[in-house]
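Features of the protein shown, as given by TrEMBL:
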type: TRANSMEM; residues: 12-33; note: transmembrane segment
type: TRANSMEM; residues: 109-128; note: transmembrane segment
type: TRANSMEM; residues: 140-157; note: transmembrane segment
type: TRANSMEM; residues: 196-216; note: transmembrane segment
type: TRANSMEM; residues: 228-249; note: transmembrane segment
type: TRANSMEM; residues: 261-277; note: transmembrane segment
type: TRANSMEM; residues: 347-373; note: transmembrane segment
Amino acid sequence: MGETKTVHSPLVTYASMLSLLSLCPPFVILLWYTMVHADGSILQTWDYLRQHGLQGFIKIWPIPTATAWKIIACYGAFEAALQLLLPGKRVEGPISPAGNRPVYKANGMAAYFVTLTTYLGLWWFGIFNPTVVYDHLGEIFSTLIFGSFIFCIFLYIKGHVAPSSTDSGSSGNAIIDFYWGLELYPRIGKYFDIKVFTNCRFGMMSWAVLAVTYCIKQYEVNGKVADSMLVNTILMLVYVTKFFWWEAGYWNTMDIAHDRAGFYICWGCLVWVPSIYTSPGMYLVNHPINLGTQVEIILADIKEICPCQIVASYTTTSGETKTSLLLTSGWWGLSRHFHYVPEISAAFFWTVPALFNHFLPYFYVVFLTILLLDRAKRDDDRCRSKYGKYWKLYCQKVSYRVIPGIY
């Protein structure tokens, strides 16, 4: 049974955990309220809270409703069914620290296609209007906040009582265990992988569904879709499409292969992704900005013909020696985590159509930058521990962590 390891100092770890546990839920509600009811203005929301205090905040916090529960339940059940029933290629994940190799069914792209086709079909044939989702958005976010918190309690209990594999263990601290999680690969039964569901099929899929929802809401209100909303929606859908096309690769990343199933990952994907990641589109619903200029998207495909690399060896917990390649050319010759740069750039460019009248639409860009810089540090620390002298050599050859010449 492995123990949960923290990267930062105990003081920073506890401060960050307690602040995120206590501040993230109300922030989701404040962001929704500001975007939908306060014209996207932080100052307007601040004036309201200054005048009405805590009672005013409680008043704007929507109560979870039966409609919200039904929408979430139908969506969650539909995505769970697609995850289990759609055919897909058998894919093996990386060998875990305890020597386990998880097996997945790669049907994410099919689930993505079926989800969007079904959602648009229900709207087109008048069976379900996606504007209902927008009109109950505050209630949905409120329900997700409380429902996902209960789900994380379930994961905490399951990790103690019925872990799915030997890749599970306690730090001995209940707060750390709840926040970071106990199980690396929790499953219900043999085939239903919980992290694939929370991270991919609920969280990332909701990003695409809500992007389309905001677009349809603007169309239903104004009779047309502004070019700013089109740019935002198209860029977001391109990003999410790329994610599901590459989903099997995601299962080898830190989120799945190293971070355990706790509040940080699961609550974040169930609540933070659909609320914060989609917020630029949420803002644009009531701000149909016409950019008035031609928008050009240039896609560059740069291929490295002769990659340079370091062959690094490491020893598993079972004593077996293995090798990995550390690339020192191409994008990874510029910085050790250069792939985060286009991630941040993409977030900025699909927010730019909101222009610069308010700061709040750009919160996601700021949040993502902080998240990825912290993730780069955690990954560096993990790799330093794993590869030892080879990682030190790699850092000498590729000196910057994320942004070439800066960081």
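Including glycine, each Cβ sits where the backbone N, Cα and C put it.
Per-stretch counts of Cβ pairs under 8 Å to the transmembrane segment (140-157) identify 261-277 as the leading one among 196-216, 228-249, 261-277, 347-373. Relative to the transmembrane segment (347-373), the listed stretch 228-249 leads the set 12-33, 109-128, 228-249, 261-277 in CB pairs under 8 A. The stretch with the most CB contacts under 8 Å to the transmembrane segment (228-249), chosen from 12-33, 109-128, 261-277, is 109-128. Counting residues 6+ beyond its ends, the transmembrane segment (12-33) has Cβ neighbours under 8 Å at 6, 45, 57, 60-62, 137-138, 141-142, 145, 149, 175-176, 179, 263-264, 267, 271-272, 275-276, 279, 282, 360, 363 in the same chain.
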